[in-house]
Amino acid sequence: MDEIPAEQVVLLKKAFDAFDREKKGCISTEMVGTILEMLGTRLDQDMLDEIIAEVDADGSGELEFEEFCTLASRFLVEEDAEAMQHELREAFRLYDKEGNGYITTAVLREILKELDDKITAEDLDMMIEEIDSDGSGTVDFDEFMEVMTGE
């Protein structure tokens, strides 16, 4: 379960608990198909049986939370860094209306506000000040990437 990000474990726990109606710490393997469909994956019965056999290590016909996470982690698409960078480049391009390679700090402020409606004006000011250290009022793609990925 180490490879699953903590926030996804929380979501998986909620889903697991929703299917664990009797609150006994396990769910029936018959629910697996339904759960996978909810995660956006549809499998034929043979494939489903094969996955269940692999994941239900103790052959109990029930999945404990740990087994459920093992199963779910196979279908949680972890975006690789390259795909993420591509998506962020596209987003940047959309906001860079003049195509000059930068956006204004005002536009960045709007983007950040859209991403997190709970962010305060003070937090925004601090972030913008940190990003736009030269006070130019603009942000290039590298600076934008730094903000969006925290790297």
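Please read every residue number as a count from 1 along the shown chain.
Just so you know, glycine gets a Cβ as well, placed from its N, Cα and C.
Look at Swiss-Prot and you will find D56, D58, S60, E62, E67 tagged as Ca(2+) 1 binding site, backed by sequence analysis. On its own chain, E67 (Ca(2+) 1 binding site) has V55, D56, A57 as residues at least 6 apart in sequence with a Cβ closer than 8 Å to its own Cβ.
For D132 (Ca(2+) 2 binding site), the same-chain residues lying six or more positions away in sequence with a CB closer than 8 A to its CB are T105, T138, V139, E143. Summarising the annotation, Swiss-Prot assigns Ca(2+) 2 binding site to D132, D134, S136, T138, E143 and lists sequence analysis as the type of evidence.
Counting residues 6+ beyond its ends, the domain 'EF-hand 1' (7-42) has Cβ neighbours under 8 Å at 1, 48, 51-52, 56, 60-65, 68-69, 71-72, 75-76 in the same chain. Sequence annotations record features per position, and here Swiss-Prot assigns domain 'EF-hand 1' to 7-42.
The domain 'EF-hand 2' annotation in Swiss-Prot covers 43-78. Mapped onto DSSP helix, strand and coil, the domain 'EF-hand 2' (43-78) counts 20 helix, 3 strand, 13 coil.
Positions annotated as domain 'EF-hand 3' by Swiss-Prot: 83-118. Away from its own ends, the domain 'EF-hand 3' (83-118) comes close to residues 124, 127-128, 131-132, 137-141, 144-145, 147-149 of its chain (Cβ-Cβ under 8 Å, at least six residues beyond either end).
Taken from Swiss-Prot, the feature domain 'EF-hand 4' covers 119-151, and the record attributes it to sequence analysis. Counting same-chain residues at least six beyond the ends of the domain 'EF-hand 4' (119-151), those with a Cβ under 8 angstroms from any Cβ of the stretch are 84-85, 88-89, 92, 101-106, 108-109, 112-113.
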Margin query: Among all protein chains shown, how many Cβ atoms are found within 10 Å of the Cβ of T138 (Ca(2+) 2 binding site), not counting that one?
Written below: 18
Notebook entry, point to check: Looking only at the domain 'EF-hand 4' (119-151), what is the mean pLDDT?
Noted result: 84
Checklist line | In the chain carrying E62 (Ca(2+) 1 binding site), residues 6 or more apart in sequence that have Cβ under 8 angstroms from it | finding: C26, I27, S28, T29, D56
Next item on the list: On the DSSP side of things, how many residues of the domain 'EF-hand 1' (7-42) fall into helix, strand and coil, could you say?
Entry: 23 helix, 3 strand, 10 coil
